[in-house]
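The transmembrane segment annotation in Swiss-Prot covers 18-38, 39-59, 63-83, 86-106, 125-145, 182-202 and rests on sequence analysis.
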């Protein structure tokens, strides 16, 4: 149970692929102009990570070490192709919006890195959990950044949610404030860099506060020879 908890905590927070490892920055900065786009690509990446880790782990005993990386890339490309066809079939609006960034998941360092560092050494179910946790950690970071940029840029949240979830999701659109001219800095790549920098700073402050709190609540060490004294 402790290993499962550690995998989840590492993926979601301590070893977050976007906020700690700073991997996959190209889609993170390019696609997060809206919360819907960020959530769509994040969930697609999570599905790819989970299925890839599961497959790599299941085949690890029969994968020659000398050619393991090309085999990993072939597995990732197959999974990404299947996910791309699913999005094309069931969320065509999102498919058009994400464009080239769906097939580019193949080259994402997160996917190859987890296959090599974890799935090639652990069992299938732990590997699937690792892929899911890492993917949800990245999805969370992308969603927060996309939400901030959409609110600051357009004054809305979940605009275009119907392209991801279907026609009923139009009711999810929220207008935070009305604006006739979008705040372009928030919508363009410089705004994404600034937003990511602020998120990194907030995570650092939270980590430091948690570290300080643990140090204050930790029991002080008892000097040797003092335990028997009254």
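Glycine is treated like the rest: Cβ placed from N, Cα and C.
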Cβ-Cβ under 8 Å with the transmembrane segment (182-202): same-chain residues at least 6 beyond its ends: 18-19, 25, 28-30, 32-33, 141, 144-145, 148-149, 152-154
Chain residues outside the transmembrane segment (86-106) and at least six past its termini with a C-beta under 8 angstroms from it: 26-27, 30-31, 36-37, 40-41, 44-45, 48, 73, 76-77, 80, 160, 162-164
Long-range Cβ neighbours of the transmembrane segment (39-59) (under 8 Å; 6 or more residues past either end): 24, 27, 31, 71-72, 75-76, 79-80, 83, 87, 91, 94, 97-98, 101-102, 105, 108, 110-111, 114-115, 118-120, 122-124, 126-128, 130-132, 134-136, 138-140, 142-143, 146, 163-164
